[in-house]
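*Asks:* One structure, pasted below without further comment.
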């Protein structure tokens with residue numbers, strides 16, 4: 001529940017004036033609705049009295065008020081909806097940006113489970129409930145109830161007593177529902193839904209495996225078992241929701257009945273006129289609707305709390321995300337130093353791991369040299385690549401690029417000097433051109449074609465009807481594994497780095513494709529030094545020098 | 001094939017939903033006597049205060065009826081709440097059973113489709129099973145009962161109003177039907193816009209996830225700041241677009257509000273002027289009394305309430321109908337026309353399988369068409385019991401399709417396949433239970449490593465920890481599992497510990513090795529995309545597994561082809577030897 005408060009506070013801080021304005025404007029239609037019925041009731045009763053007694057009644061003031069209230073209610077509701085929704089969407093859009101920023105800050109990658117990501121967008125979208133269905137109706141109901149209580153206190157004690165009693169009843173029911181918010185069931189429903197999704201994904205993606213190992217029907221049954229759990233939990237939630245709605249509705253109805261009784265009695269006792277009595281009854285009739293608006297939000301709260309908790313994990317702590325330490329005084333290297341990259345006594349351990357991946361590890365890569373680092377999986381090769389690309393920073397020791405400590409490079413500078421070609425190049429679900437321009441935003445079409453040409457992918461892209469504007473991914477250009485690797489190669493060719501890092505670049509490619517990709521790369525690498533991480537002979541054969549890593553190396 | 005029926009209520013559920021609508025309507029209709037009681041009590045009060053001169057007499061004559069009215073009001077209130085609850089619960093149950101059925105239908109389709117047939121992507125299918133089916137719920141439980149309520153309640157209220165004043169009834173009748181007209185005009189525009197916007201949101205969410213998944217690439221190219229700006233701009237575009245849609249959508253509910261406020265105001269004014277005596281038409285004969293006037297005023301808001309509820313639930317209807325369409329589309333995709341069902345009803349000859357010893361595999365004059373293309377034609381192959389066949393040939397020469405046919409995943413156009421004398425299609429799951437299989441891209445499932453391995457065993461309860469380690473050793477995976485943080489209990493899957501392609505392959509091989517009683521070994525490109533060390537582990541394991549089994553391994557890896565066995569090249573088949581490919 002704390003996360004809920006934090007999200008609400010975050011929305012308040014995001015734009016205080018919008019937040020408050022939304023609540024304020026929401027008061028107008030709610031108050032106008034109450035008054036409209038009250039004044040109408042008063043008006044017809046006063047008219048009846050005037051009709052009976054033949055006395056004069058000013059009909060213009062009340063009818064003008066009724067007209068004004070009808071307009072205020074209609075217009076106010078429109079303004080309220082537009083304002084509150086706009087405020088919420090502004091906040092959610094800001095939240096998306098902030099979550100992206102947090103995740104892009106150093107050290108946030110890899111630690112995030114796919115599950116969290118898959119639900120991220122759904123969770124964010126669900127957070128609109130907090131302001132729209134809880135904060136706004138909650139504050140409006142509270143303010144109206146308080147104002148009414150003040151008004152009742154100026155009438156008679158019994159009226160005040162009855163009104164306060166029922167407002168307290170509402171408060172009690174809501175507080176009870178809040179304090180007993182069934183988070184366990186919400187979590188169970190959530191887990192069941194997730195299990196259903198995962199098991200269905202497994203069932204469809206692994207149909208061959210399941211047909212032979214375990215059986216498809218059995219797998220379908222496990223999904224349905226999760227479904228059953230989901231329905232059991234949802235039934236509990238729905239029953240609770242029904243109960244809360246019924247309780248709130250019943251309180252409203254009883255309030256009406258009690259108001260009728262106390263008003264008749266007070267009017268008979270001569271405390272106020274019949275017209276006033278009718279106005280009181282009709283206000284009592286209109287109040288439950290305003291208060292009932294809270295019920296939806298309260299019922300959804302346990303689930304929203306889960307979504308808020310998950311989003312909260314991805315949100316930055318309050319205050320701006322700490323910028324990466326940056327030192328901008330990079331000496332402009334007049335002549336290239338002899339050593340492009342050197343690791344000096346580097347040690348590294350992954351958080352939570354029992355032992356170091358690298359320990360007292362060092363090597364030097366001369367300018368223009370091609371160095372291969374080989375070894376079995378798990379020996380720390382990829383850690384070397386990640387360290388050299390500054391995706392992680394060493395626990396001990398120093399890494400020098402062009403003779404200067406890697407950590408002192410400003411990000412932009414470093415990224416223009418080092419290019420990485422990995423085994424799983426990520427291609428974005430965007431156009432071919434956009435995918436290439438990630439490497440160089442100012443590249444014109446000629447450059448892009450030239451890079452594609454070098455990667456021998458130009459013909460393939462040219463054959464697509466939309467050319468560079470073809471969208472990658474589903475329904476668009478389906479590139480094979482080798483073609484994807486070549487697109488990544490074209491992307492790398494758009495940069496002019498001092499150092500290329502190849503991290504298992506031809507992993508998963510068959511021999512022929514791998515040879516083509518490698519040949520293309522070495523034909524166009526230019527003067528740059530190359531650090532190759534590989535366990536394949538075909539790659540290592542291109543190296544000037546080979547470094548074989550055993551487990552826990554100390555070279 | 002026509003329209004696939006999914007997400008539709010059965011007759012029984014339809015009846016439940018209708019009953020739920022009746023209950024909701026009945027609860028609404030009880031407001032009429034309630035309003036009557038209130039109007040009566042206040043009417044008596046007014047008369048006693050202003051028409052009867054002696055007040056002492058009034059108190060007794062008023063408090064009695066007032067007490068009766070209040071009691072009646074309370075009883076009716078309880079009845080209303082109960083009816084409402086019953087109706088909502090009934091609708092909920094009907095919607096739940098409907099949703100369950102839709103999910104079962106989808107999953108049955110997934111389980112029965114041939115594993116080799118084209119199938120919607122797992123992500124899309126899972127989204128249909130979860131979210132799309134979820135959309136059906138609100139449609140049936142919220143919207144459906146509203147339709148009946150909308151048909152009954154306003155009419156009843158107009159009739160009750162007309163009993164006292166035809167003019168007030170006329171006011172309601174004029175204001176009421178105008179609402180749908182205006183709302184439809186505005187709503188149509190909003191609907192098109194909101195469909196676009198829904199797509200835009202999906203796209204925005206997709207972009208955000210896509211960029212987060214590719215964060216490392218973005219960082220490596222120093223593109224983080226640029227991307228951040230792109231995402232912010234896309235978010236802002238989406239917000240502006242959504243607000244544009246909502247402004248129209250809210251306009252339609254504002255029209256509803258306006259007419260309902262106007263209706264109430266007209267009624268109040270009409271009643272007020274009638275009571276003042278300025279207006280003498282509208283009632284039947286005698287002028288309108290106070291209590292009937294108040295009664296009319298109290299009823300007016302309830303005339304509009306079902307309309308508002310209907311409009312509020314209209315969104316659920318749109319989502320539900322769209323979901324229904326999507327579901328029947330995906331269900332159709334699950335059973336593409338003309339594809340082979342995985343199993344056939346013919347139960348004969350299943351017992352023949354139980355013969356002792358290793359089975360022979362016979363492929364006689366087999367012809368397979370896939371998507372109109374001939375994969376192989378008049379193909380003949382006899383595999384002796386216990387023999388190892390190494391199937392080779394360029395990619396798309398039909399290696400995988402042949403193995404799929406042996407598994408019974410494809411139906412032959414002509415000819416037949418017999419494994420131990422039984423056709424694989426007839427044997428169905430019984431045959432699959434006796435096969436060790438290692439696929440091209442084996443998949444592990446969410447759960448512990450141990451649970452994944454045990455899927456291989458025919459009788460998991462008899463497998464000991466030692467058996468598991470023996471199987472892992474055979475697959476060269478002992479070190480790999482020992483290195484995992486929680487050993488055999490390590491959770492596998494998207495959420496769990498990430499395994500590399502080679503590691504998954506070795507675990508899958510261990511899973512196959514646990515099927516100790518299998519008589520057949522089938523492997524499809526077992527070393528694809530593996531490094532040499534891992535490939536060596538896998539090949540050694542396969543060599544051991546193939547020793548006591550009738551074996552078919554499809555591969556183009558020279559290292560696998562060096563295993564002892566008969567090599568059959570699908571590209572250069574000698575017609576006399578094995579078969580003919582067209």
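Placed from the backbone N, Cα and C atoms, the Cβ positions cover glycine too.
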*Asks:* Pick from A:244-268, A:319-343, A:344-368, A:369-393: which range has transmembrane segment per TrEMBL?
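*Replies:* Checking TrEMBL against the ranges A:244-268, A:319-343, A:344-368, A:369-393, the transmembrane segment one is A:244-268.
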*Asks:* What range among A:98-119, A:186-207, A:208-229, A:274-295 does TrEMBL describe as transmembrane segment?
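*Replies:* The listed stretch tagged transmembrane segment in TrEMBL is A:274-295.
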*Asks:* Can you identify, from A:42-61, A:62-81, the stretch that TrEMBL calls transmembrane segment?
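*Replies:* Residues A:42-61 are the ones TrEMBL records as transmembrane segment.
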*Asks:* Determine which recorded stretch among A:42-61, A:130-152, A:244-268, A:274-295 has the most C-beta pairs below 8 angstroms with the transmembrane segment (A:18-36).
*Replies:* A:130-152
*Asks:* Output the single range from A:130-152, A:244-268, A:274-295 maximising the number of Cβ pairs under 8 Å to the transmembrane segment (A:42-61).
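*Replies:* Looking at each of A:130-152, A:244-268, A:274-295 in turn, the most contacts to the transmembrane segment (A:42-61) are made by A:274-295.
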*Asks:* Counting only residues 6+ away from its ends, which parts of the chain sit with a Cβ under 8 Å from the transmembrane segment (A:244-268)?
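*Replies:* Beyond its ends, the transmembrane segment (A:244-268) has Cβ neighbours at 155-156, 158-159, 162-163, 165-166, 169-170, 173, 177, 274, 276-277, 280-281, 284-285, 287-289, 291-292, 294-295, 298-299.
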*Asks:* Across the domain 'ABC transporter' (A:341-555), what is the average pLDDT of the model, as a whole number?
*Replies:* 82
